[in-house]
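*Asks:* Take this structure first; my questions come after.
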Amino acid sequence: MEELSADEIRRRRLARLAGGQTSQPTTPLTSPQRENPPGPPIAASAPGPSQSLGLNVHNMTPATSPIGASGVAHRSQSSEGVSSLSSSPSNSLETQSQSLSRSQSMDIDGVSCEKSMSQVDVDSGIENMEVDENDRREKRSLSDKEPSSGPEVSEEQALQLVCKIFRVSWKDRDRDVIFLSSLSAQFKQNPKEVFSDFKDLIGQILMEVLMMSTQTRDENPFASLTATSQPIAAAARSPDRNLLLNTGSNPGTSPMFCSVASFGASSLSSLYESSPAPTPSFWSSVPVMGPSLASPSRAASQLAVPSTPLSPHSAASGTAAGSQPSSPRYRPYTVTHPWASSGVSILSSSPSPPALASSPQAVPASSSRQRPSSTGPPLPPASPSATSRRPSSLRISPSLGASGGASNWDSYSDHFTIETCKETDMLNYLIECFDRVGIEEKKAPKMCSQPAVSQLLSNIRSQCISHTALVLQGSLTQPRSLQQPSFLVPYMLCRNLPYGFIQELVRTTHQDEEVFKQIFIPILQGLALAAKECSLDSDYFKYPLMALGELCETKFGKTHPVCNLVASLRLWLPKSLSPGCGRELQRLSYLGAFFSFSVFAEDDVKVVEKYFSGPAITLENTRVVSQSLQHYLELGRQELFKILHSILLNGETREAALSYMAAVVNANMKKAQMQTDDRLVSTDGFMLNFLWVLQQLSTKIKLETVDPTYIFHPRCRITLPNDETRVNATMEDVNDWLTELYGDQPPFSEPKFPTECFFLTLHAHHLSILPSCRRYIRRLRAIRELNRTVEDLKNNESQWKDSPLATRHREMLKRCKTQLKKLVRCKACADAGLLDESFLRRCLNFYGLLIQLLLRILDPAYPDITLPLNSDVPKVFAALPEFYVEDVAEFLFFIVQYSPQALYEPCTQDIVMFLVVMLCNQNYIRNPYLVAKLVEVMFMTNPAVQPRTQKFFEMIENHPLSTKLLVPSLMKFYTDVEHTGATSEFYDKFTIRYHISTIFKSLWQNIAHHGTFMEEFNSGKQFVRYINMLINDTTFLLDESLESLKRIHEVQEEMKNKEQWDQLPRDQQQARQSQLAQDERVSRSYLALATETVDMFHILTKQVQKPFLRPELGPRLAAMLNFNLQQLCGPKCRDLKVENPEKYGFEPKKLLDQLTDIYLQLDCARFAKAIADDQRSYSKELFEEVISKMRKAGIKSTIAIEKFKLLAEKVEEIVAKNARAEIDYSDAPDEFRDPLMDTLMTDPVRLPSGTIMDRSIILRHLLNSPTDPFNRQTLTESMLEPVPELKEQIQAWMREKQNSDH
C-alpha cells in the first residue's frame, strides 16, 4: 500500500473530526505516521526508508505515547506485524488491561484446588511430583501465541518499544514522558557508547528514573506523565516522528497517568462506583492547595501542571479527556504526592472521599469489581510544609456480601495503612511498566514471540522486579526494618498486581535469604494483620487469604520459598504461656489469624449485627443469607486449604505443617469436655475451618495405607489424656497390651503421612463439629425454655398484673424477650455455620471412612462380616478411645434431627452395618450408655419419630445381619440396662427402654422379624426377664404419672377458688405454682413412657400368653393390672380429672381399653386365679364399675364387655373358693419360712452362700438382678440347689395343719 502524504493524513483526520468521529480508521499504514492535534497543522514529511521500522538511535529521540491517562493509544503501523506500538479503537488499552487483569489476575481458578488434590500420594507422602500451576499457565499462554512471522524487529523498533514501556525520552522534555537528562547528555557526547546491550540500557533507564524521584524534593518526575487537557497536542510535541497517535474512544488508562479531570471524576467513579459530576471546562488560575492533606480524588491534580493559559482547542480537548474513565488497577489507594507543593491544584467537581487523617489509619483494600458509593466532606487547605513522608490513609470499601447495597465508610472497620511517600510512586511506576510488557505481548503476539523481542521483554520484567525489590528494601530511600509495613501489601489485597508480578518477585529474591526475608516478612506480617481485621460481614475477608495462598503456591523446582519463610517465622508455632493454650495458639500463631473468620455470633458479633438484626427476620431471608454466608465460608476455606496444602507439599516444611496441625489438636483437647471455659480454647469458627481443610487433605486417603495402631505409636503426634476412656479396656489393660505388642520389637517405623493426616482429621472432628453441635442443641434448649417462660408469663398475666409483683414480672418478661431475640439471632448465625449440607456430608463421609476402619478391625473379612463376632474382643479395638464410636453416634443423632437429607451418601451402607454389628455385639462395648446412644440413633431414624429417615431405618431392619440377631440383642439390652452403674440408672433406664419399645413396634410390622420375635417368645428365660422389666416399668410409670395428675388436679382446684387462693401467703402460692410446674413436666414425661410400655404389653399379650402366666410373673402382672384399674375406675378416679388432659398426653379411655384388652387376651383359669389371689386391689365392685364405665363411654363392643363380665364372674368364684379353703400358715416354724419375704416356702432351694429360699421368690429376684440378695455375688438359676428333705418336711407340716383345722 502506498504511503500517504502528510497533507493526505491531515485532510483525512480533519474530515473525521468534522464528522464527530473519535476513532481511527482500521486501515493500517505502511509506515509509521503521526496525526496532528486540532489547531495549527504541524509540518511533517514522510520518513525515509531507514526510518520506516522505528527510531534511529543516533539522530532520533524515542518517546512514548501517554498510555493510560491521556486516552492516546497507538495503532497498527505495519503489515509485518509491528503492532506492539499500536492499538485499534476496538482493542483499546483499557479493554486489554481489564481483560488481562481479570483473566490473568492473582485470582486462582476454582479447579486449582482439585488439581492440587490430585497430586497427593497418600502412601509415601503428600507430594510425589507436581507441576506448578503458574508454569502451566505460562506454557499455555505461550502456546496460544502465534508463531513469529515477518522480518525481525530492528534495533530502532526495539528502542521504541523500550521507551514506550518505560515512557521515557532523552532528547526533548515533554508532558507525556520522563526526560532522562543523564542519558540525554551521554547520547549527545557519544551515542554509540551509551549502552552495551539492552539489559544495560534498561537498568540505566530505571535507575535514573528512580533516582530522580528520590533526589528531587520539590518536583515529581512522574508529573510529566500526567496528560494535559489536550493529549493530542502533547503528543504532537513528541520528538518521536514515527509514532501515530490518536484519541481513542475507549482509551487504555492508568490511575497513575491520568488527566486532572479524568482522575477527579472518572477514576473515583470506577474505584468507588460513585457517579462523577460533570466536569466543567475551566483550566484557568485556581487557588493553590497544599499536598499533604489533599483529598485523594485530587491527588493527581497536585502533580506539576503548566500554569500557562490553555488554548480554546486545548480546553475543549481537555474536557473530552476529562470524561474518560480511569482504571483503578494499580492504585488501590489514592495518595498525596509530596512534589505537588509548587504546582497548581485543579479542583475536581467529583465527590471526594473523607478527609485524610493526620495520623496513619488502617484502610480497607478494595475489590476491583464492586464497591459501594460514598461521599465525604471537602478537605481544608493544608500547609505546604507538610513532610513528604507523612503517612495518610483512605478507606476503600469492599464489595458487599449477601445483603448487597451501598454502605457508609464508617460501617467498615477493616482497614490498612499506606504511606504517601516516594516509594509508593516508584512502585506504581514499576508495576505499570511490568504490566505494559504483558499488554504488548497480548497486542502483538507474533512480534513478541521473536527470540530477540521475547528476551528484551523478559529483561524488562526482570529489571522491574529487581528495582521493585530495591524499593521495598528502602535501598533507594531509607532502609526499612522488618517491623515496618510493606508497601506491596495493599496492592496484593486489592488484587491489583499484574499477573506474574509477585511470582517473579519471589523467583528473583528467594535465592538471597536476607533480601527475601527483608521483602517478604513485612508482606507476611501485613497479610496477617489484614486477616485479623477482616470479618465475614463483607466479602473482603477473602483477599488476605487469597494473597497468602498465591504466595504459598509459588514454587520453583520442588521448593516453595514463601512456605519456607512462613514456617520459619517466630510465631509459626509459639510456645504456650498460659492454661488457655488453645486460644493462645489461635491468637498468636501466624496461621491463626487466617483460620479465625467465623459466622458464629460468639466469635464475630459483626456478622449477626449486619445480617440478622433487621426488624423482621423471615424464614426466606434467613435461608438466602445463610446460603450466602456458607458460600463465603467455602471460598475462604478453599484458600486456607491452598495455604496449608502448599506448606505440606513443600518437603522442607511438611514436618512444620504436621507439627502445627497436631498442636491445634492437642491445645484444644478441653473442647471435648461437656463444660468448657471458652476463653481457654479456640473458637468454634476456627476449629471448623481447620476441620474443613483437614477433610480436604483426607479425601484421597486409602484405608489400606492407614495404620489403625497409630494412636498407640511412640511417635504419635496426638497426646491422649491419661484418663481417656477406652472402648473395652482399662488403662492397665492397654499398658499390658502395648508392652506385649511392642516390648521386644525393633524401633518403630516412622508413621506415614496418610496415617497421621487421617487421625489428625479424626481428632479434629472430635474437637470441632461435635462441640459445635452440642452448643447448638444447648442453644435450642435455652430458646425453648425462654419461649415457655414468656408464654407462661403472658398466659398468667391476669393473675399477676394487679399484684405487688407486677413490676417484677414485667421486667422479667422484658428481659426474657430480649434474651430470646438475641438467642434466635445467634441461632440464625449457627444455622449458617453448622447446617451447611455440603459440610455435613463431608463429615458423614469421613465418619464412613472411620467406620470402615473399625469394621476391618472387628472382622478382617469385611465387607463379608458374619455375626455373632468372635467372643474375644480384638485388643486394638478394645484399646481405642471410646469417642471413636461415640462420635459417630452423636453426629448421626445430630444430622438425623437437623439435616436428615444429608444422611444418604455412599457411606450410608457402612454406617448401617456398623450400627447393626455394634447392637448385636454389645459385649464389645464396656459402657452401656454408649450402646444406648446407638439405640437412640436407631430410634431417631424410626419413621414414627423422623419420617424423613424412613429409608435409612428400612436399611437397618432389612439388613441381612439384623433379621436374626437384632431383636434378641435389643431385648437383652432392655433387661441389662436395669443396672448401668451410674447414680441415675433408675431414671435412665426408662428412656432407653422407651426407645427400644418404639423400635420393637416398628420391627414387629416387618415380616422378616416375625420369626425372630416368635422364637424369643417361646425361648423362655430371656423373654421372661423382658416381661418382668415391662411389669416393673409399667407399675412405676403409671403409678407416678397418675399420682402427679392427682396433685395437678388438687392445685388447679385451689386456683379455681380465687377467694381461697388469694388468702394464701405469697410464698405458699409460689411454692404451689412451682410444684404444679414440676408435676406437669413429670406427668408429661412419665405418661409418654407409660403409654409406650402399655402399648408393648398390649401387642405381646395378643401374640403370646404362656410366659405371662409363669408362677414368678402371673401374680405380679395381675396385681399391677388390678391396681391401675382401681386408679382409673375406683372411688378416687375423680382426682385424675385435670384441665386439658391432652396437654399431658393423658387418655384415660384409651388406657382403660388397653388394660381390659390385656385381661381378655390372657383370659384363662391360671390368670383368673392370679387375679383372685390379689387381695390388695381386687374387688367385685371394681370390676362391676369397670364394666359400667366401658358401657357408658362405649369403650368396647358389647361382645368384648360380655367376655370381660364372664372373666369377672370366674374370678369371683375363685375368690369364694379361696375363702372357704383358707388355712392360716402364719405360725410356721422359722426354718420353713423364706428369709426374704417371711412367707411359707413351698419349693425350697439352697443358694451358693448356703442360704435357703423359696424358688419362686429367688427366681423373681433374679429377674431383676442376677445376684445373691444377701452378699451381692453373681447368681443364676442354674446355681440353685433343690432341698428335697426340707420340702418334704414342709409338705408334711402343711398336711398336719390342714387336718388339725378341719
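For all residues, glycine too, the Cβ spot is worked out from N, Cα and C.
Model, not experiment: these values are computed from the prediction.
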*Asks:* Which residue, chosen from Ser238, Ser359, is annotated phosphoserine in Swiss-Prot?
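*Replies:* The candidate carrying the phosphoserine note in Swiss-Prot is Ser238.
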*Asks:* Scan Ser78, Ser84, Ser143 for the residue that Swiss-Prot records as phosphoserine.
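*Replies:* Swiss-Prot annotates phosphoserine at Ser84; the rest carry no such entry.
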*Asks:* To which residue among Ser83, Ser90, Ser154, Ser274 does Swiss-Prot attach the annotation phosphoserine?
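*Replies:* Going through Ser83, Ser90, Ser154, Ser274 one by one, Swiss-Prot annotates Ser90 as phosphoserine.
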*Asks:* Hey, which of Ser70, Ser124, Ser196, Ser269 does Swiss-Prot call phosphoserine?
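*Replies:* Going through Ser70, Ser124, Ser196, Ser269 one by one, Swiss-Prot flags Ser124 as phosphoserine.
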*Asks:* Quick check on the record annotations: which of Ser52, Ser87, Ser101 is tagged phosphoserine by Swiss-Prot?
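*Replies:* Among Ser52, Ser87, Ser101, the one Swiss-Prot marks as phosphoserine is Ser101.
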*Asks:* Which range, 784-804, 1057-1077, does Swiss-Prot list as region 'Disordered'?
*Replies:* 1057-1077
*Asks:* Of the residues Ser23, Ser79, Ser374, Ser388, give the one that Swiss-Prot describes as phosphoserine.
*Replies:* Ser23
*Asks:* Check Ser969 (phosphoserine) against DSSP and tell me helix, strand or coil, would you?
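*Replies:* The three-state answer is helix.
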*Asks:* Report the DSSP secondary-structure composition of the domain 'U-box' (1227-1300) as helix, strand and coil residue counts.
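*Replies:* Counts, helix then strand then coil: 33 helix, 12 strand, 29 coil.
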*Asks:* Pull the DSSP breakdown for the region 'Disordered' (1057-1077) and write it out as helix, strand, coil residue counts.
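*Replies:* Reading the DSSP string over the region 'Disordered' (1057-1077) gives 18 helix, 0 strand, 3 coil.
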*Asks:* Within 10 Å of each Cβ, count the other Cβ atoms, then let me know which of the modified residues Ser969, Ser1265 comes out lowest.
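*Replies:* Candidates: the modified residues Ser969, Ser1265. Fewest Cβ atoms within 10 Å: Ser1265.
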*Asks:* Near the Cβ of Ser803 (phosphoserine), how many other Cβ atoms are there if near means within 10 Å?
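*Replies:* Around the Cβ of Ser803 (phosphoserine), 13 other Cβ atoms lie within 10 Å.
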*Asks:* Rounded to an integer, what is the Cα-Cα distance in Å between Ser969 (phosphoserine) and Ser1265 (phosphoserine)?
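*Replies:* Here the two Cα atoms are 18 Å apart.
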*Asks:* Pop the Cα-Cα gap between Ser1265 (phosphoserine) and Ser803 (phosphoserine) into the table, whole Å please.
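*Replies:* About 54 Å separates the two Cα atoms.
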*Asks:* Looking only at the domain 'U-box' (1227-1300), what is the model's average confidence as pLDDT?
*Replies:* 88
*Asks:* Where does Ser803 (phosphoserine) sit in DSSP terms: helix, strand, or coil?
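*Replies:* For Ser803 (phosphoserine) - judged by DSSP and reduced to three states - the answer is coil.
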